[in-house]
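Per Swiss-Prot, the feature active site, nucleophile maps to Cys382; the stated evidence is sequence analysis. According to Swiss-Prot, the feature UTP binding site maps to Ser13, Lys187, Thr188, Lys189, Pro190, Thr191, Gln192, Lys223, an assignment based on sequence analysis. Positions annotated as ATP binding site by Swiss-Prot, on the basis of sequence analysis: Ser14, Leu15, Gly16, Lys17, Gly18, Leu19, Asp71. Here Swiss-Prot flags Tyr54, Gly355, Leu383, Gly384, Met385, Gln386, Glu406, Arg463 as L-glutamine binding site, drawing on sequence analysis. Feature annotation from Swiss-Prot assigns Mg(2+) binding site to Asp71, Glu140. The domain 'Glutamine amidotransferase type-1' annotation in Swiss-Prot covers 293-535. Among the features that Swiss-Prot reports, region 'Amidoligase domain' is placed at 1-267, with the record citing sequence analysis.
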Amino acid sequence: MTKHIFVTGGVVSSLGKGLTSASIGMVLERRGLRVRMQKLDPYINVDPGTMSPYQHGEVYVLDDGSETDLDLGHYERFTSGKLNRDCNYTTGQIYLSVIEKERRGQFLGKTVQVIPHVTNEIKRVIKRMGGDDVDVVITEIGGTVGDIESLPFLEAIRQFSLDAGRENCLYMHLTLVPYLKAADELKTKPTQHSVGQLREIGIQPDVLVCRCEQSISRDDRDKIALFCNVEPEAVIEEKDKDFSIYEVPLSLVDNKLDELIVKKLGLTSAGSLDMTPWNDLLHRLRNPRHEISIAVVGKYAEHKDAYKSIYESLDHAGMHHDAQIRIGRIQSSDIEREGAERLLSGFHGILVPGGFGERGVEGKVQAIQFARERNVPFFGICLGMQTAVIEYGRNVLGLEKAHSTEFDKDTPHPVICLLDEQQNVIDLGGTMRLGSQPSRLVADSKAIQAYGREEIDERHRHRYEFNNEYRKAFEDAGMRFTGLSPDGGLVEIVEIDSHPWFVAAQFHPEFKSKPLKSHPLFTDFIEAAINRRKQRVTEEIASETEKPTAS
């Protein structure tokens, strides 16, 4: 029988339910259990695909083309499972499914209501995650207890234990125990009230995971347990991690959360826990042999979640090379005002990620020109590849006003144009070229050197592509097209051989990087940045040596 863990959050938002859920999934996998992850989001959008990064953070794309919440990135990075569209549902999807069933007459003339029809649909998508090939399903409920948007989901998971059996369900509530500096004490009252709201709905938490700045004393732990009706050992401390999010699983293990879950759910098939690879990972993170700085030049750089997977992938590659990565978040629009020289000098590598819309595009072009002309390792992703093509067209081929038709429909040199399949598309949501697509790599390229194989599959999210009418001109001018779709029609990777490391990809490699298995393109990019730093140190030493001495 599949066991279910439901993770809710209270007191405030942004407590880290996704990271905690992913950490639990990883630890249970380390005990030999088969785990599936799911996120239920209470917003009415069908998916986050059309939401602003400032509102929602990055959109995380799955192999099947689903545009999902960024928490699914945590799930895939921490656990071994490949997720699909069943792993992320929104209120919009749930209501859409219910309305479509009503239109087909599946409710036989009944009045369609939140209870039972909407809650039944929610229970259906949760139940579908189980099966003979899975031991534990971890379902995270988005939002905060007390929000009106979350009520149907909370009611559904309350009912779910009646259907599946209370012994097969575990309710875990993530809460905040704030520290008041003036009183020099932790306050448990917000947690008590949050749990009280859950109990009013009919859910008694089995485990409380308490986010805190300071350690929770035994007295406070006993107090929380008493007022929230849980056992003292079920009050789990989760202190803030200033060093790395990859400490979270070890913190939960130190608090014996995995043992508690195994005990409460009767997971007799669970084996002993081996966290050796994770401990080794953190050892490398704490003891770097190199320190390099990478500039991420983006449209949404001031919002830390907008490029979440990019930053994590850089850290993965850094750990692979025993390197500490200092990330400079540079607004591309700032480069337009202040210049690339002022903002980018001193970085050992430059990465230009994806984005939509014209704002800041010229700043990206200037950043790429700086990287190309100064021989700074450069990595372009999605729009980063397209702007690399635009920059090369303007400044190397001499194609004045070369641009993408996304930003200038009347450009005399449309080096980037709309995909043929997108010509008649009107709707924005879910209509891009999405999900995993195959590519073939060209021999004697940096791409094939990184991957070590000719055929790859990577995740995409775009409407525009390189215009093949310009392919020969670019090749003659020194830009190589080293990754192509199987039919050769779509450009997937571009490189410049005369540059130490200049690689740009139309796809999103950041969605397939993991802490214990860094993505090969990120791995080689960071290696190039390390070499750049070594070269600069050598040049500085040589310069000092050549200075004349006083007579």
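Here the Cβ of each residue, glycine as well, is placed from N, Cα and C on the backbone.
Shown here: features listed in Swiss-Prot, placed on the structure.
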residue: Ser14; record: ATP binding site; DSSP (3 states): coil
residue: Asp71; record: ATP binding site; DSSP (3 states): helix
residue: Glu140; record: Mg(2+) binding site; DSSP (3 states): strand
residue: Thr188; record: UTP binding site; DSSP (3 states): coil
residue: Leu383; record: L-glutamine binding site; DSSP (3 states): helix
residue: Glu406; record: L-glutamine binding site; DSSP (3 states): coil
residue: Arg463; record: L-glutamine binding site; DSSP (3 states): coil
Cys382 (active site, nucleophile): nearby binding-site residues from Ser13, Lys17, Tyr54, Glu140, Lys189, Gly355, Cα cut-off 10 Å:
Gly355
Among the binding-site residues listed here (Lys17, Leu19, Lys187, Gln192, Lys223), which has the Cα closest to the Cα of Leu383 (L-glutamine binding site)?
Leu19
Counting only other Cβ atoms and using a 10 Å cut-off, which of the binding-site residues Lys189, Arg463 scores lowest?
Lys189
Which chain neighbours of the ATP site, leaving out Ser14, Leu15, Gly16, Lys17, Gly18, Leu19, Asp71, have a Cβ atom within 8 Å of the mean position of the site's Cβ atoms?
Gly9, Thr20, Ser21, His74, Glu140, Leu174
Quick one: of the binding-site residues Leu15, Leu19, Gly355, Gln386, which has its CA closest to the CA of Thr191 (UTP binding site)?
Leu15
If you measure every Cα to Cα pair among Ser14, Leu15, Gly16, Lys17, Gly18, Leu19, Asp71, the residues listed for ATP, what is the largest value in Å?
12
Same chain, 6+ residues apart, C-beta under 8 Å of the C-beta of Ser13 (UTP binding site), given in sequence order:
Gly143, Thr144
Nonlocal neighbours by CB distance (under 8 Å) for Lys17 (ATP binding site), same chain, sequence gap 6 or more:
Val7, Thr8, Gly9, Asp71, Glu140, Ile141, Gly142, Leu174
Counting other Cβ atoms within 10 Å, pick out the least crowded of the binding-site residues Gly16, Gly18, Pro190, Gly355, Gly384.
Pro190
Pairwise Cα distance for Lys223 (UTP binding site)/Leu19 (ATP binding site) [Å, integer]:
26
According to DSSP, which kind of secondary structure is Gly355 (L-glutamine binding site) found in, if we only use helix, strand and coil?
coil
For Lys223 (UTP binding site), just give me the three-state DSSP call.
helix
Within 10 Å of its Cβ, which one of these binding-site residues (Asp71, Glu140, Glu406) has the largest number of other Cβ atoms?
Glu140
